[in-house]
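Visitor: Straight from TrEMBL, here's the annotation block:
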| type | residues | note |
| --- | --- | --- |
| TRANSMEM | 12-31 | transmembrane segment |
| DOMAIN | 204-395 | domain 'Peptidase M12B' |
| BINDING | 337, 341, 347 | Zn(2+) binding site |
| ACT_SITE | 338 | active site |
| DISULFID | 354-359 | disulfide bond |
| DOMAIN | 401-487 | domain 'Disintegrin' |
| DISULFID | 459-479 | disulfide bond |
């Protein structure tokens with residue numbers, strides 16, 4: 001590995017370099033204001049403080065263009081990755097990596113009061129307001145006035161004749177588009193179209209990696225903290241792309257502090273070299289859906305170039321953005337435009353509209369903040385062929401750094417009551433994330449009134465037949481981890497437990513279409529789920545709906561009958577009704593990319609034949625669910641949980657239910673004592689018993705009815721269905737005892 005590719009992990013060495021992270025400091029004053037051509041208007045933003053203002057929001061009043069404008073904006077922490085990685089180079093060419101603390105609570109997005117079509121993307125990191133305002137179809141840029149002692153700001157009208165720069169164009173000409181498409185065809189690239197008309201992606205997450213070339217590094221006075229400008233740019237890009245339901249997240253930045261690692265003489269050559277360079281470098285350092293290089297180089301009227309429709313591809317998911325000055329709006333516009341190409345958008349023509357005078361994908365730079373209808377259509381066609389940019393359960397791991405006051409208890413914190421006004425109402429936690437005096441805890445399933453609950457207090461009741469309870473252990477405020485009955489155990493309705501749920505088709509149809517609905521006939525499942533469309537399929541793979549094999553049709557999408565009422569479903573949900581050969585099928589579709597659960601897929605664990613269940617859209621034999629734990633493992637006195645440990649019935653102790661005890665498992669926490677158990681479970685086990693057998697001290701057995709008293713004083717009582725083991729001298733009569741009780745319908749195990 002070359003020296004230039006060696007990665008040196010830096011921990012504290014860069015402390016001075018990042019002392020005030022991502023702030024310009026003295027470097028900002030040396031750079032000066034943005035180089036706008038036209039005269040600005042001077043404004044003094046006035047902060048509005050009100051008890052009615054929601055937490056996290058700021059309100060400012062600005063007077064410009066002869067009018068008073070009220071700006072409402074909310075902090076936007078989510079466009080910076082929780083673990084943003086910054087790479088730089090030493091004088092010897094070694095690569096340094098750091099994850100510095102980043103001020104992420106000074107970037108805002110919002111709106112102008114009275115204008116629902118307005119757009120605001122501002123930063124307060126420098127002590128003033130800097131960024132983009134769009135209202136009444138006009139775009140403005142605002143920035144603090146240097147050395148002002150009265151909080152003066154400059155505001156520029158971006159679409160006025162005075163502020164127009166020389167013509168700036170995207171490098172994606174008709175000839176370049178033809179060249180890219182020809183290359184894609186020769187390399188057997190295919191852009192699959194949407195599987196059906198009207199397909200919509202809903203919310204998406206675009207992970208962005210940025211490379212800053214050496215010229216931009218020098219432009220910022222060789223001060224790496226000046227890349228806060230790039231952060232502000234990405235905040236603006238995020239605001240533009242939110243109209244597509246896309247959240248942009250900056251995953252990492254690489255700064256070429258020593259020299260440019262590739263040739264940047266021509267923009268087309270740079271794009272090709274950048275796509276090749278990142279294969280062996282950036283792709284392994286920063287996860288990304290799109291990577292862009294920000295350069296300071298004069299390419300004439302051309303300011304950007306990128307590959308069309310190549311988002312999430314290993315090599316070609318990239319673009320080049322060049323600009324010679326510091327206008328945040330112009331640069332955010334250029335980057336948004338080029339990312340639009342990555343997402344499959346072409347340049348707008350005269351038939352395209354966005355409700356404003358100009359749209360972002362115009363071939364020449366315009367004052368625009370919206371994408372056109374043509375851009376939407378191209379984006380939907382492209383993203384339908386990509387299995388990426390989904391908002392998943394892992395999304396939270398890339399958002400926000402740990403900090404006191406975010407209502408999330410993180411490492412080094414005893415508690416976190418959130419904002420100050422919330423902490424004032426919390427008797428257990430202080431605003432500095434420490435416990436209040438006398439408090440033993442502030443949260444958790446086993447914490448009540450700032451104190452830890454005693455042993456045996458239930459902290460999580462079982463939800464259904466397939467769940468198990470948990471109890472507090474008396475020393476921790478945490479409720480034990482949730483455990484449940486192991487997969488494959490039978491449950492009500494002829495179903496089987498799977499991942500804590502008892503699933504069956506009849507119940508699923510009733511949940512969707514009302515209490516009269518029922519599962520459709522087998523022929524309905526066969527007809528619909530072998531189609532491979534959005535109403536009948538066995539999943540979505542490689543950007544296509546999968547047709548069910550005949551043996552798996554019961555495991556595709558749910559098909560119902562006897563529907564007498566239409567459900568009240570969420571937005572963008574579709575109910576379908578099909579009839580063939582006198583058979584009626586009802587079902588729903590699902591849009592991949594939505595953040596709500598799919599109610600129409602047959603759930604795992606649903607029965608699909610004798611001793612067969614649905615697992616991941618396949619009908620498999622029950623043997624696939626067999627584990628090392630069975631009822632025999634638990635001495636027939638308990639059930640196995642999902643960790644393959646015995647959860648014993650009351651009166652028996654874990655781990656194997658061999659000895660008398662209090663029930664539960666090694667995972668559940670200790671249940672209450674036997675006396676409490678008898679109160680809790682007595683009616684459950686004795687409520688239906690009409691006859692019982694008791695054994696007296698003399699070893700003799702007597703049959704009794706409910707409400708009668710035995711002829712002895714002290715007795716040993718055998719309760720079904722879990723009879724207590726009797727003494728060895730009574731073993732001879734045990735079979736007689738069980739035979740006596742068995743006719744009442746109780747199991748002997």
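Backbone N, Cα and C define each Cβ position, glycine as well.
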Visitor: Return only the integer: C-alpha distance in Å from residue 459 (disulfide bond) to residue 359 (disulfide bond).
Guide: 55
Visitor: Output the one of 337, 341, 347 that, of all these binding-site residues, has the highest number of other Cβ atoms within 10 Å of its Cβ.
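Guide: By the 10 Å Cβ neighbour count, 337 comes out on top.
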Visitor: When you measure from the Cβ of residue 359 (disulfide bond), how many other Cβ atoms are you left with inside 10 Å?
Guide: 23
Visitor: Which one is it, among the disulfide-bonded residues 354, 359, 479, that lies nearest to residue 337 (Zn(2+) binding site) by Cα separation?
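Guide: Going through 354, 359, 479 one by one, the closest to residue 337 (Zn(2+) binding site) is 359.
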Visitor: Provide, as an integer number of angstrom, the distance between the C-alpha atoms of residue 354 (disulfide bond) and residue 479 (disulfide bond).
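Guide: Cα to Cα, residue 354 (disulfide bond) and residue 479 (disulfide bond) are separated by 52 Å.
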Visitor: What is the separation, in Å, between the Cα atoms of residue 479 (disulfide bond) and the residue listed as 'active site'?
Guide: 50
Visitor: At the level of the C-alpha atoms, what whole-angstrom distance separates residue 341 (Zn(2+) binding site) and residue 359 (disulfide bond)?
Guide: 14
Visitor: Can you grab the distance from residue 359 (disulfide bond) over to residue 338 (active site)? Cα atoms, rounded to a whole Å.
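Guide: With the alpha carbons as reference points, the distance is 13 Å.
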Visitor: Whole-number answer please: how many Å between the C-alpha atoms of residue 338 (active site) and residue 347 (Zn(2+) binding site)?
Guide: 10
Visitor: Test of understanding: give the count of other CB atoms lying within 10 angstroms of the CB of residue 459 (disulfide bond).
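Guide: A 10 Å sphere around the Cβ of residue 459 (disulfide bond) contains 20 other Cβ atoms.
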